[in-house]
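Q: Positions annotated as domain 'Phosphoribulokinase/uridine kinase' by TrEMBL: 11-200. Per TrEMBL, ATP binding site is recorded for GLY16, ALA17, SER18, ALA19, SER20, GLY21, LYS22, SER23.
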Amino acid sequence: MPEENSPKPTFIAIVGASASGKSLFAQTIYDELLPELGANSIAIIKEDAYYRDQTHMPFEERVKTNYDHPKAFEHELLSQHLEQLVSSQSIECPVYCYKNHTRTEKSNTIEPTKIVLIEGIMLLTDKNLRDRFDIKVYMDTPLDICLLRRIERDTVERDRTIESITEQYISTVRPMYYQFIEPAKIHADIVITRGGKNRMAIEVIKAKIRQLSQ
Ligand SMILES: Nc1ncnc2c1ncn2[C@@H]1O[C@H](COP(=O)(O)OP(=O)(O)O)[C@@H](O)[C@H]1O
Ligand SMILES: Nc1ccn([C@@H]2O[C@H](COP(=O)(O)O)[C@@H](O)[C@H]2O)c(=O)n1
(Lines of atoms letter the chains of each structure in order from A and count residues from 1; the text may use other names and numbers.)
(Lines give C-alpha, C1' and ligand atoms only; values in the text may rest on other atoms or scores of the structure.)
(Ligands and ions follow the chains in the order given, each with its own letter.)
Protein backbone atom coordinates (compact mmCIF):
# COMPACT_ATOMS: atom_id res chain seq x y z
CA MET A 1 0.00 0.00 0.00
CA PRO A 2 1.38 3.46 -0.87
CA GLU A 3 2.20 5.49 2.21
CA GLU A 4 0.55 8.87 2.27
CA ASN A 5 2.49 12.09 2.87
CA SER A 6 5.89 10.46 2.39
CA PRO A 7 8.36 12.91 0.80
CA LYS A 8 9.37 12.43 -2.83
CA PRO A 9 12.55 10.32 -3.07
CA THR A 10 15.76 11.99 -4.20
CA PHE A 11 16.96 10.37 -7.42
CA ILE A 12 20.73 10.52 -7.93
CA ALA A 13 21.94 9.50 -11.41
CA ILE A 14 25.50 8.24 -11.83
CA VAL A 15 26.54 8.11 -15.48
CA GLY A 16 29.68 7.76 -17.60
CA ALA A 17 31.41 5.40 -19.99
CA SER A 18 31.30 1.65 -19.59
CA ALA A 19 33.80 0.63 -16.87
CA SER A 20 34.28 4.24 -15.76
CA GLY A 21 33.51 3.14 -12.18
CA LYS A 22 29.77 3.88 -11.89
CA SER A 23 28.87 0.61 -10.17
CA LEU A 24 31.83 0.72 -7.79
CA PHE A 25 31.09 4.35 -6.90
CA ALA A 26 27.36 3.73 -6.31
CA GLN A 27 27.95 0.47 -4.42
CA THR A 28 30.60 2.03 -2.16
CA ILE A 29 28.27 4.89 -1.22
CA TYR A 30 25.42 2.43 -0.63
CA ASP A 31 27.49 0.00 1.46
CA GLU A 32 28.97 2.75 3.63
CA LEU A 33 25.65 4.53 4.25
CA LEU A 34 23.46 1.45 4.72
CA PRO A 35 24.43 0.82 8.38
CA GLU A 36 23.86 4.50 9.20
CA LEU A 37 20.65 5.14 7.27
CA GLY A 38 19.06 1.68 7.15
CA ALA A 39 17.62 -0.31 4.23
CA ASN A 40 14.42 1.76 4.25
CA SER A 41 16.43 4.86 3.32
CA ILE A 42 18.65 4.02 0.37
CA ALA A 43 18.45 1.81 -2.73
CA ILE A 44 20.38 1.24 -5.97
CA ILE A 45 18.90 0.69 -9.42
CA LYS A 46 21.04 -0.36 -12.41
CA GLU A 47 20.04 0.92 -15.84
CA ASP A 48 21.50 -2.34 -17.23
CA ALA A 49 18.60 -4.20 -15.60
CA TYR A 50 16.39 -2.41 -18.15
CA TYR A 51 18.17 -3.75 -21.25
CA ARG A 52 15.31 -4.99 -23.42
CA ASP A 53 14.19 -8.56 -23.00
CA GLN A 54 15.54 -10.63 -25.92
CA THR A 55 14.44 -14.11 -24.86
CA HIS A 56 12.40 -14.40 -28.09
CA MET A 57 15.62 -14.04 -30.17
CA PRO A 58 18.20 -16.77 -30.86
CA PHE A 59 21.56 -16.30 -29.07
CA GLU A 60 23.37 -15.64 -32.39
CA GLU A 61 21.05 -12.67 -32.97
CA ARG A 62 21.32 -11.35 -29.39
CA VAL A 63 25.10 -10.98 -29.64
CA LYS A 64 24.63 -8.65 -32.61
CA THR A 65 22.54 -6.07 -30.69
CA ASN A 66 24.08 -2.62 -30.25
CA TYR A 67 24.07 -2.45 -26.43
CA ASP A 68 25.55 1.05 -26.49
CA HIS A 69 22.54 2.72 -28.11
CA PRO A 70 19.77 4.32 -26.00
CA LYS A 71 17.20 2.17 -27.84
CA ALA A 72 18.75 -0.99 -26.34
CA PHE A 73 17.15 0.03 -23.04
CA GLU A 74 13.49 -0.06 -22.01
CA HIS A 75 13.67 3.45 -20.58
CA GLU A 76 9.87 3.66 -20.52
CA LEU A 77 9.80 0.88 -17.92
CA LEU A 78 12.57 2.52 -15.87
CA SER A 79 10.69 5.81 -15.98
CA GLN A 80 7.47 4.06 -14.93
CA HIS A 81 9.31 2.40 -12.04
CA LEU A 82 10.68 5.75 -10.85
CA GLU A 83 7.14 7.11 -10.96
CA GLN A 84 5.96 4.16 -8.85
CA LEU A 85 8.66 4.92 -6.27
CA VAL A 86 7.50 8.55 -6.19
CA SER A 87 4.03 7.18 -5.46
CA SER A 88 5.49 5.10 -2.61
CA GLN A 89 4.93 1.82 -4.45
CA SER A 90 7.51 -0.96 -4.62
CA ILE A 91 8.89 -2.05 -8.01
CA GLU A 92 9.93 -5.37 -9.55
CA CYS A 93 13.32 -4.57 -11.05
CA PRO A 94 14.36 -6.99 -13.85
CA VAL A 95 17.53 -9.06 -13.41
CA TYR A 96 19.80 -9.00 -16.48
CA CYS A 97 22.24 -11.68 -17.64
CA TYR A 98 25.27 -10.43 -19.64
CA LYS A 99 26.26 -14.00 -20.51
CA ASN A 100 22.95 -14.74 -22.25
CA HIS A 101 22.35 -11.14 -23.40
CA THR A 102 18.83 -11.03 -22.04
CA ARG A 103 16.75 -10.76 -18.89
CA THR A 104 16.39 -13.67 -16.54
CA GLU A 105 13.02 -14.82 -15.22
CA LYS A 106 13.88 -13.31 -11.84
CA SER A 107 13.21 -9.84 -10.49
CA ASN A 108 14.31 -7.89 -7.42
CA THR A 109 11.72 -6.14 -5.32
CA ILE A 110 12.81 -2.61 -4.51
CA GLU A 111 10.87 -0.80 -1.83
CA PRO A 112 10.41 2.99 -1.87
CA THR A 113 13.31 4.75 -0.12
CA LYS A 114 14.29 8.37 0.53
CA ILE A 115 17.40 8.12 -1.62
CA VAL A 116 17.70 6.16 -4.86
CA LEU A 117 21.05 5.82 -6.66
CA ILE A 118 20.55 4.99 -10.34
CA GLU A 119 23.62 4.11 -12.38
CA GLY A 120 24.06 3.54 -16.11
CA ILE A 121 25.57 4.71 -19.39
CA MET A 122 22.52 6.27 -21.11
CA LEU A 123 20.54 7.84 -18.27
CA LEU A 124 21.11 11.43 -19.43
CA THR A 125 20.37 10.85 -23.13
CA ASP A 126 16.59 10.71 -22.67
CA LYS A 127 15.05 14.04 -21.63
CA ASN A 128 12.01 12.47 -19.96
CA LEU A 129 14.25 10.33 -17.83
CA ARG A 130 16.87 13.04 -17.28
CA ASP A 131 14.28 15.42 -15.89
CA ARG A 132 13.47 12.93 -13.13
CA PHE A 133 16.94 13.10 -11.61
CA ASP A 134 17.59 15.53 -8.76
CA ILE A 135 21.38 15.16 -8.84
CA LYS A 136 23.37 14.10 -11.90
CA VAL A 137 26.91 12.80 -11.45
CA TYR A 138 29.26 12.06 -14.39
CA MET A 139 32.24 9.72 -13.98
CA ASP A 140 34.91 11.29 -16.21
CA THR A 141 37.41 8.43 -16.38
CA PRO A 142 39.79 8.44 -19.40
CA LEU A 143 38.56 6.04 -22.08
CA ASP A 144 41.82 4.07 -22.26
CA ILE A 145 41.56 3.33 -18.52
CA CYS A 146 37.91 2.29 -19.00
CA LEU A 147 38.93 -0.08 -21.78
CA LEU A 148 41.60 -1.76 -19.65
CA ARG A 149 39.10 -2.19 -16.80
CA ARG A 150 36.41 -3.45 -19.18
CA ILE A 151 38.74 -6.11 -20.59
CA GLU A 152 39.58 -7.36 -17.11
CA ARG A 153 35.97 -7.25 -15.86
CA ASP A 154 34.29 -8.71 -18.97
CA THR A 155 36.68 -11.67 -19.29
CA VAL A 156 36.20 -12.54 -15.61
CA GLU A 157 32.56 -11.59 -14.95
CA ARG A 158 30.76 -11.50 -18.30
CA ASP A 159 32.17 -14.58 -20.03
CA ARG A 160 33.77 -12.63 -22.90
CA THR A 161 36.88 -13.30 -24.98
CA ILE A 162 39.49 -10.64 -25.79
CA GLU A 163 38.43 -10.97 -29.46
CA SER A 164 34.74 -10.32 -28.71
CA ILE A 165 35.58 -7.37 -26.44
CA THR A 166 37.84 -5.85 -29.11
CA GLU A 167 35.30 -6.31 -31.89
CA GLN A 168 32.44 -4.84 -29.82
CA TYR A 169 34.59 -1.98 -28.57
CA ILE A 170 35.54 -0.85 -32.08
CA SER A 171 32.12 -1.39 -33.68
CA THR A 172 29.82 0.08 -31.00
CA VAL A 173 31.22 0.87 -27.53
CA ARG A 174 33.72 3.55 -28.58
CA PRO A 175 31.64 5.26 -31.36
CA MET A 176 28.47 5.28 -29.23
CA TYR A 177 30.43 6.79 -26.33
CA TYR A 178 31.31 9.76 -28.55
CA GLN A 179 27.80 9.94 -30.01
CA PHE A 180 25.73 9.64 -26.82
CA ILE A 181 27.59 9.46 -23.51
CA GLU A 182 30.26 12.15 -23.68
CA PRO A 183 27.87 14.81 -25.14
CA ALA A 184 25.46 14.21 -22.22
CA LYS A 185 28.14 15.33 -19.75
CA ILE A 186 26.81 18.85 -20.25
CA HIS A 187 23.75 17.86 -18.19
CA ALA A 188 25.78 16.72 -15.18
CA ASP A 189 25.85 18.71 -11.94
CA ILE A 190 29.03 17.08 -10.69
CA VAL A 191 31.93 15.64 -12.71
CA ILE A 192 34.12 13.05 -10.99
CA THR A 193 37.65 12.17 -12.03
CA ARG A 194 39.67 9.00 -11.32
CA GLY A 195 36.79 6.48 -11.17
CA GLY A 196 35.00 4.56 -8.47
CA LYS A 197 37.64 4.95 -5.78
CA ASN A 198 37.77 8.76 -5.66
CA ARG A 199 37.48 9.00 -1.85
CA MET A 200 36.78 12.74 -1.65
CA ALA A 201 34.01 12.46 -4.25
CA ILE A 202 32.50 9.53 -2.33
CA GLU A 203 32.56 11.54 0.90
CA VAL A 204 30.99 14.62 -0.76
CA ILE A 205 28.07 12.60 -2.16
CA LYS A 206 27.66 10.78 1.17
CA ALA A 207 27.52 14.11 3.02
CA LYS A 208 24.84 15.38 0.62
CA ILE A 209 22.82 12.18 1.10
CA ARG A 210 23.09 12.45 4.89
CA GLN A 211 21.79 16.02 4.67
CA LEU A 212 18.89 14.95 2.42
CA SER A 213 18.06 12.05 4.75
CA GLN A 214 17.47 14.21 7.81
N1 LIG B 1 39.43 3.94 -9.33
C2 LIG B 1 39.51 2.64 -9.61
N3 LIG B 1 40.66 1.97 -9.42
C4 LIG B 1 40.77 0.66 -9.72
N5 LIG B 1 39.77 -0.09 -10.24
C6 LIG B 1 38.60 0.52 -10.45
C7 LIG B 1 38.40 1.91 -10.16
N8 LIG B 1 37.11 2.23 -10.49
C9 LIG B 1 36.55 1.10 -10.97
N10 LIG B 1 37.43 0.07 -10.93
C11 LIG B 1 37.22 -1.32 -11.40
O12 LIG B 1 36.99 -1.24 -12.81
C13 LIG B 1 35.98 -2.17 -13.21
C14 LIG B 1 34.84 -1.41 -13.86
O15 LIG B 1 34.21 -0.62 -12.86
P16 LIG B 1 32.64 -0.60 -12.73
O17 LIG B 1 32.32 0.10 -11.45
O18 LIG B 1 32.06 -1.95 -12.96
O19 LIG B 1 32.31 0.35 -13.97
P20 LIG B 1 30.92 0.74 -14.64
O21 LIG B 1 29.84 0.44 -13.65
O22 LIG B 1 31.07 2.20 -14.93
O23 LIG B 1 30.83 -0.07 -15.88
C24 LIG B 1 35.55 -2.91 -11.95
O25 LIG B 1 36.24 -4.12 -11.89
C26 LIG B 1 35.96 -1.97 -10.81
O27 LIG B 1 36.25 -2.67 -9.63
N1 LIG C 1 24.38 -8.08 -23.32
C2 LIG C 1 25.15 -7.02 -23.08
C3 LIG C 1 24.66 -5.87 -22.47
C4 LIG C 1 25.51 -4.82 -22.25
N5 LIG C 1 26.82 -4.89 -22.63
C6 LIG C 1 27.74 -3.78 -22.39
O7 LIG C 1 27.57 -3.28 -21.09
C8 LIG C 1 27.96 -1.93 -21.07
C9 LIG C 1 27.14 -1.16 -20.05
O10 LIG C 1 27.35 -1.68 -18.77
P11 LIG C 1 28.51 -1.09 -17.82
O12 LIG C 1 28.27 -1.83 -16.53
O13 LIG C 1 29.83 -1.41 -18.45
O14 LIG C 1 28.27 0.39 -17.73
C15 LIG C 1 27.76 -1.37 -22.46
O16 LIG C 1 28.90 -0.67 -22.88
C17 LIG C 1 27.51 -2.60 -23.32
O18 LIG C 1 28.40 -2.70 -24.39
C19 LIG C 1 27.28 -6.03 -23.24
O20 LIG C 1 28.49 -6.11 -23.60
N21 LIG C 1 26.44 -7.08 -23.44
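Note that Cβ sites are derived from N, Cα and C of the backbone, with glycine treated the same way.
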Q: Per DSSP, ALA17 (ATP binding site) is which: helix, strand or coil?
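A: DSSP assigns ALA17 (ATP binding site) to coil.
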Q: On a count of neighbouring CB atoms within 10 A, which of the binding-site residues GLY16, GLY21 is highest?
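A: When each Cβ's neighbours within 10 Å are tallied, GLY16 leads.
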Q: Given ALA17, SER18, ALA19, GLY21 as the binding-site residues, which ones have a Cβ positioned under 6 Å from some atom of ligand 1?
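A: Cβ < 6 Å from ligand 1, in sequence order: SER18, ALA19, GLY21.
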Q: Write out the long-range same-chain contacts of SER23 (ATP binding site), meaning residues 6 or more apart in sequence whose Cβ is under 8 Å from its Cβ.
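A: In sequence order, LYS46, GLU119, GLY196 meet the Cβ cut-off.
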Q: Cβ distance under 8 Å to ALA19 (ATP binding site), same chain, sequence separation 6 or more: which residues?
A: THR141, CYS146, LEU147, ARG149, ARG150, ARG153
Q: Please determine which of the binding-site residues listed here (SER18, SER20) has the lowest count of neighbouring CB atoms within 10 Å.
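A: Comparing Cβ neighbour counts within 10 Å for the binding-site residues SER18, SER20 gives SER18.
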Q: Out of GLY16, SER18, ALA19, which binding-site residues lie by ligand 2, with a C-beta less than 6 Å from some atom of it?
A: SER18, ALA19
Q: Are there residues of the same chain, six or more positions away from LYS22 (ATP binding site), whose CB falls under 8 angstroms from its CB, and which are they?
A: ILE14, VAL15, GLY16, GLU119, GLY120, ILE121, MET139, GLY196
